[in-house]
Amino acid sequence: MKVNVIGAGLAGSEAAYFLANKGIKVRMFEMRPITSHFTSRQDEKTGTHDVRNATQTRPITTTEAHKTDKFGELVCSNTLGSFEITTGAGLLKKEMELLNSLVIKAAKHSYVKAGSALAVDRNEFSDFITKTILSHPNIEVVREEVESLNENELNIVATGPLTSEKFSKYLKNLITDDYLYFYDAIAPIVEASSVDFSKGFWGSRYDKGDDYFNCTMTKEEYDIFYNELLKAEKVPTKDFERVVHFEGCLPIEEIASRGYETLVFGPMSPKGLKHHISKDVYAIVQLRKETKEGEALSLVGFQTKLTYKEQVRVFRLIPCLRNAVFSRLGSMHRNTFLQSNKLLKPTLELRKNPNILFAGQITGVEGYSASAATGIIAGINAWLKLEGKEPTTPPKTTMLGALLDYISSKEGELQPMNPVFGLLPDIEVHKKHKKLLKAYRALFDMKKFIEHHKIYD
């Protein structure tokens, strides 16, 4: 018995981990190299040092967003969202924990305080996943780019939204439908030693800890920042591509273009912090720790497609970042995903060839946790198929089951979907208690699902 897993991201790692723990041999393919041999250079004008400002001592195969050869690399934010079960992301993570999720184990191992959010040290996080996969006796890792599948073997495709061009062409021929796509943007990271901490305060919204640094801005400072942000040069897209953004992760300049106050009612809102600040504070910019030690800080909600030069110019208008050194600048990349509602069963099997299962963000789920969770389900269903049993999905009353139902049955054009409570069937109780009772029901039903299918001995 053997299963091919294509891609060593969050979903692929979860699928391989589940199968290997069931005694099934896994061949895991990852095109990113064993070593990338980057020599960092610092840009004297911008203070930036990044792999995009680096020399290479050997050619590599990678993507436009990845920087390392590690498994489960987090290319955008370093947070997996809230861990409170009355949020969609928090409930999904609790369900994943019941399913023995490798990603949740890695997140707990590399946890960085961030209020009610599950933030991680991204290096420790991916190191944990990489070491777990490489040390498993039932997993063989093959470092090469896959260009096509043996369609008679059992395959789990977890190549993510940055699937390579060659494999994308193969998939397009296989499924006969075009991919959908959206543009995703990454937020900058600054060195903590370059931040002026006299221009703000530490604290989380609604007094949930002191894990964020809040850079304060007066209305005059905000006005200058806002106008320069609108004027700033952006990275151009290809002429033939229509720019489509995911509403849950809009570039900061796109939000600003919708009106003067959209930022102060969005990522720069002082909501939940007002009793800490004086009356002349009009907006705040939150910085979140990227590592346990806090030597690197990311700009929360500041994903951007501005050119590198303009990012440095505009973001240094934020008072606490006047002399900021950027260890990573923001960037934009094109994310592709399947029209899963036309192509996949809720079990994540390809309708035209059940030997091929898909998992991860390529299926149309959005967010780290949702991507990883689909990897667990793909692994479970590959195992059931090898056991001669029917593939299955968790009940629609669970967040994971509801997500799978949504992406495989939505009418019309599919757009990426986060785990949200609106996907769950209603429950007749007072609004005040509805989310909590939905969460309890979901966890109870997930436990029954696990027991019924004997997923864990």
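In case you wondered, yes, glycine gets a Cβ from its N, Cα and C as well.
Pulled from Swiss-Prot, these are the features on record:
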type: BINDING; residues: G7, A8, G9, L10, A11, G12; note: FAD binding site
type: REGION; residues: 38-58; note: region 'Disordered'
type: COMPBIAS; residues: 40-52; note: compositional bias 'Basic and acidic residues'
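Neighbours of the FAD site: apart from G7, A8, G9, L10, A11, G12, residues of the same chain with C-beta atoms within 8 angstroms of the site's C-beta centroid are V5, S13, E14, A15, F71, G72, A158, T159, G160, A359, G360, S371, G375.
Listed in sequence order, G72, V103, G360, Y368, S371, A372, G375 are the same-chain residues at least 6 apart in sequence whose CB falls under 8 Å from the CB of L10 (FAD binding site). Take the CB of G7 (FAD binding site) and look out to 10 A: across all protein chains shown you find 30 other CB atoms.
Around G12 (FAD binding site), the same-chain residues at least 6 positions away in sequence with a Cβ under 8 Å from its Cβ are V5, I6, M28, E30, F71, I156, A158, T159, A359, G360, G375.
Under DSSP, G12 (FAD binding site) is assigned to a helix (H, G or I) in the three-state scheme.
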